[in-house]
Amino acid sequence: MKRHKNGSKQYLTKMGTRKKVQAFVRVRPTDDFAHEMIKYGEDNKSIDIHLKKDTRRGVVNNQQTDWSFKLDGVLHNASQDLVYETVAKDAVSQALDGYNGTIMCYGQTGAGKTYTMTGATENYKHRGILPRALQQVFRMIEERPTHAITVRVSYLEIYNENLFDLLSTLPYVGPSVTPMTIVENPQGIFIKGLSVHLTSQEEDAFSLLFEGETNRIIASHTMNKNSSRSHCIFTIYMEAHSRTLSDEKYITSKINLVDLAGSERLSKTGSEGRVLKEATYINKSLSFLEQAIIALGDQNRDHIPFRQSKLTHALKDSLGGNCNMVLVTNIYGEAAQLDETLSSLRFASRMKLVTTEPAINEKYDAERMVKNLEKELALLKQELAIHDSLSNRTLVNYDPMDEIQIAEINSQVRRYLEGTLDEIDIINLRQIQEVFNQFRVVLSQQEQEVETALRRKYTLIDKNDFAAISAVQKVGLMDIEGNLVGEPDGQSFGLGVAPFSVKPGKKAKTKKTPKDQFSSSARKEGASSPVSGKEFDVASVSKTQLIPSSKDGDLKDTLARERETSSIEPLISDSPKEELRAPRPSTPPSRTVAFEEFKNERGSEINRIFKENKSILNERKKRASETTQRINAIKQEIDETKEALNFQKSLREKQGEYENKGLMIIDEEEFLLILKLKDLKKQYRNEYQELRDLRAEIQYCQRLVDQCRHRLLMEFDIWYNESFMIPEDIQVALKLGSSIRPGMVPISRIVCLGEDDQDRFSHLQQTVLPEGPDSITFYNAKVKTEQKAYGSIRRAWWRAACIINALNLRRTGVDQGYDKPIRP
């Protein structure tokens, strides 16, 4: 067990047993799998690689042709569900018990690392380890009602050896002014400048995940169209406090989900320019990572080179630290990629040599610790009180002394020194300490009094002040030998002796007033307690409270009479009007019937607006559906045209190509197909832009419909309560001009507005999804992210329209009265 101190906080770590890092291999599915070169073991935990010898090396050929790698599992043709159950489920479940966890995906570019970690966000079934881990965390929190668990997340990107916050685009975060740095503290590694976000529900966590995914840097090369160009670390922080126990200890943990960028061979990827620079940084950081893993696997190494790169430094407490470490190595199954596959498997075997020591992270809550100590102190005081009562010591008080008690002890000490008091009664240890303290106070006061009296009657001369000594000799107060008249007092002062006739008798002692005693004792002990203040001022307070009490009573009586008069007069004046009101039915009608009546009378205007907005919304949805059908038809026609065009190209290549002055000659049919494909793509872009605009309008219209529905329900509920539910004797209070306004009457419940077919379909779509009800939060977060992206695109369009309009006005010289662009 280790104890760490950081300021006023203490951190306790229970040492665990050492264990090896778990290493799994996932093979990317391919039609061209090298069955002769890659073999799996019967236990599905080993993989064998066989290469044919290169005959070009001659007869003497020592080339290694066989390799065997022992791992914790081989995932071949495995679904996302099976991968998560095998790799990450145990590490995530142990995180809620206080164990840190790290899950890392490693492999060459295009091997499926990002798909394994994040998955396809468009399909719920194909989601990866990261969204499944978030779901498991919140499911387990629901199963633990006895603990208050807080979840926070962060998303870090390492691009070209620079740190970036993928969640800095959120409106309440904003970009950091200073660059982010890696800081080490007793708790572990801390990224200074990285935003950490509190998530109270699953949908919020998904929204943050999708927000970060949209900010990742990707590029395209020959081996991967969507290649990640940076290392990303998504961290889930958890903090669990017990709701039932009063223990000041609580546990913390974190899960690092690491998606590494893939290693690349430039001869295969053909990277150039910026992509080439990114590949250089990626390969360099992965090389440093492998060096750190080799050093961790060597038990004789004392120094581990964590600071060689930002990646290894950020993962210092995850690589060989106190956490559950899991590695997923993604490889190709094709013969052309066998060299990279061997390199990735070697990395996995080296990782299995690294040992970790998972431990529970416990911390102490300072506030709860203080409360527990106060409770224990109160119990100890009660035990002392019981002990004193059994020992017939009922007057013992263990509380800190107030000013009155300190003044009493000071008086006892003075009387004891004067001889008027024979002994001081000892009650407890606190009183003994205060008695000695008051002895010191009295002694200091008497020294000051003596010195003041001497200075008032005598002249004190410093022996080292030669000018004063010569002046005294002239006056005759010093003898011929240079000695002062009188005896030195031991403080380098000479005391001049006055004539006997003017010597004072016994000096009367000057006593301090009670006010001075209180002030001096207060300076020694501190502020007075509330009890002493009340006892000290009881006489003055009782005198000042007699007269105001009678005045307050008269004032209250006057106000009460005014309220009664003001409440009676409106009732008398309004009584004739109440007789003219139509009597209401004895039993209120059903809310359905009353709602129809309300829509035709008082709520007719709101109902009309609601119907108009509803019709506009349905019309936009119908147009969006038709546009979607047209887009699908155009997409299908584009695919057919591409197939026909590819057929024409292949046919031309077989028949032979003709050139004229360096230009390729094609037949008329292929030329018409190219023109048709160009027109179809233009139509597709126009239709897709129209669909985007329609979706934004549908979202706006839906919000208006929801607002109208809510307003209609609220007005109906107020009208129904005022008309049928409130007693008649209270109805008069709701008249126009009274103190009670419509809507102030408590509402028992809100009646749902009847849903139409479209609303029922939307509700059915949410409850009966093909993947089950668990996918609702996943899709809701995805839709919110897409809507935010559409909103940013529309804002950019608006800014561009304003700039174009301003340029046109500047060109034409018009500065006033122009038409502004209509904001969508």
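Note that Cβ sites are derived from N, Cα and C of the backbone, with glycine treated the same way.
According to TrEMBL:
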DOMAIN    20-354  domain 'Kinesin motor'
BINDING   Gly107, Gln108, Thr109, Gly110, Ala111, Gly112, Lys113, Thr114  ATP binding site
COILED    363-390  coiled coil
REGION    504-534  region 'Disordered'
REGION    547-591  region 'Disordered'
COMPBIAS  551-566  compositional bias 'Basic and acidic residues'
COILED    617-697  coiled coil
Inset, instruction - May I have the list of same-chain residues other than Gly107, Gln108, Thr109, Gly110, Ala111, Gly112, Lys113, Thr114 whose Cβ is within 8 Å of the Cβ centroid of the recorded ATP site, in sequence order? - result: Arg28, Cys105, Asn224, Gly262, Asn330
Inset, instruction - Take the Cβ of Thr114 (ATP binding site) and count every other Cβ within 10 Å, whichever protein chain it belongs to. - result: 26
Inset, instruction - Would you mind ranking the binding-site residues Gly107, Gln108, Thr109, Ala111, Gly112 by how many other Cβ atoms sit within 10 Å of each Cβ and giving me the lowest? - result: Gly112
Legend entry - Neighbour count (Cβ, 10 Å) for Lys113 (ATP binding site): 26
Inset, instruction - Count the other Cβ atoms sitting within 10 Å of the Cβ of Gly110 (ATP binding site), across every protein chain shown. - result: 23
